[in-house]
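Engineer: Structure below; questions to follow.
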Amino acid sequence: MTQSSLPKPSIAIVGYGSQGRAHALNLRDSGFDVTVGLRPGGPTEAKAKADGFNVKAPAEAVKEVDLVAVLTPDMVQRQVYEDAIAPNMKQGACLLFAHGLNVHFGMIAPREDLDVILVAPKGPGALVRREYEIGRGVPCIWAVHQDRSGKAKQLALAYADGLGGARANLIETTFKEETETDLFGEQAVLCGGASSLVQAGFEVLVEAGYQPEIAYYEVLHELKLIVDLFYEGGITRMLEFVSETAQYGDYVSGPRVIDAGTKERMRDVLKDIQDGTFTRNWVAEHAAGLPNYNRYKQADLDHPIEVVGKKLREKMVWLDNSPKEQKEAA
Ligand code: NDP
Ligand code: MG
Ligand code: MG
């Protein structure tokens, strides 16, 4: 499909955080009419105004537009949908998500007259913006949940194209596949798996009497070199660059650490995701005011690897240590 044959809906972006800001800026630069919906007085309102957007309360922003992108944190989307979006979106408009969680697990049951689609960039908002600005794009996956107009697919492709995703790669998926694989990836491998692997490796070395500083370099700091090689050329490229000794150690010891038992437990994690147990627990945790979440988070922040890491990173003058907000805006 050529770019010129794609529709050009007017768009309201609700939420101006990591994804919201990048989507709003890229879509505007791609020629879409973009309004931003935010609760008045919230911390990101000033930013959206400074970027030159027409900012309205969500209930107002969604009223006249053809497409509403729901880009608030997942756990507040149901409330925002019920209070501001569902009562105000025009008949036959299109509702878009960047993660399928609320729709797939039934927290949001979108109005029958709406098209419901997903466009999820495979990268954080700052990268979505940066790649667009240099004429490239971040790959996007897209899906159609509900097609009332007969144009839901074209709307998803138009939005992904406006984000710059079509310059990279677009892959069709379903709400179920996107939601379950996204949760599994972040839990088993990316956030949960990787940080637990690093902490466990650090603990084993320190408990065996090695210096925490040395342990930090070996199991956390150097991980970046390995991940960069994965990113550039997969495991093949990592094997090209590390020593023969490192490769042999990888072959004989990797499978001793991540073994059939680990895979079995990964399947348990996946089962809890698929049958909704994880999401049910997370919704209840959020509703209860995050008591366990805060406790788990504090334990991670207090872990000895964080204490030694903070000290060592003070000497790494090349690091970008700017606060999250500033780093994302850069
Ligand atoms: P953020 O946490 O960055 O979103 C924060 C924004 O949401 C702020 O503008 C905030 O406004 C607004 N917001 C918060 N609560 C409300 C509310 N009650 N009413 C209106 N606006 C509110 O979200 P992300 O960008 O991380 O995630 C957005 C979606 O994108 C999620 O579905 C996520 O799963 C998905 N996604 C995220 C990726 C990422 O890299 N972060 C990658 C791919 C998908 P205020 O200033 O008022 O607080
Ligand atoms: Mg996710
Ligand atoms: Mg080494």
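Every residue number used here counts from 1 along the chain in the order it is shown.
Just so it is clear, glycine is given a Cβ too, placed from its N, Cα and C backbone atoms.
Just so it is clear, the model here is predicted, and its values are computed rather than measured.
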Engineer: Given that TrEMBL lists Tyr16, Gly17, Ser18, Gln19, Arg39, Thr44 as binding NADP(+), which residue among Gly106, Gly123, Gly125 does it place in the same site?
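Structural biologist: Record source TrEMBL; matching candidate: Gly125.
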Engineer: Other Cβ atoms within 10 Å is the metric here; tell me which of the binding-site residues Gln19, Thr44, Ser243 scores highest.
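Structural biologist: Output for this query is Gln19.
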Engineer: For Asp182 (Mg(2+) 1 binding site), list the number of other Cβ atoms lying within 10 Å of its Cβ atom.
Structural biologist: 19
Engineer: Got a sec? Which of these recorded positions, Arg39, His99, has the most Cβ atoms within 10 Å?
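Structural biologist: Buried the deepest by this measure is His99.
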Engineer: Restricting to the record's NADP(+)-binding residues (Tyr16, Gly17, Ser18, Gln19, Arg39, Thr44, Gly125), give me the longest CA-CA distance in Å as a whole number.
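Structural biologist: So the binding residues stretch over 20 Å, Cα to Cα.
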Engineer: Given Asp182, Glu186, Glu218, Glu222, Ser243 as the binding-site residues, which ones have a Cβ positioned under 6 Å from some atom of ligand 1?
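Structural biologist: Cβ < 6 Å from ligand 1: none of the binding-site residues.
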Engineer: So what's the mean pLDDT when you look at the domain 'KARI N-terminal Rossmann' (1-173)?
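Structural biologist: Result for the domain 'KARI N-terminal Rossmann' (1-173): average pLDDT 96.
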Engineer: Which of the binding-site residues Glu218, Glu222, Ser243 has its Cα closest in space to the Cα of Gly125 (NADP(+) binding site)?
Structural biologist: Glu222
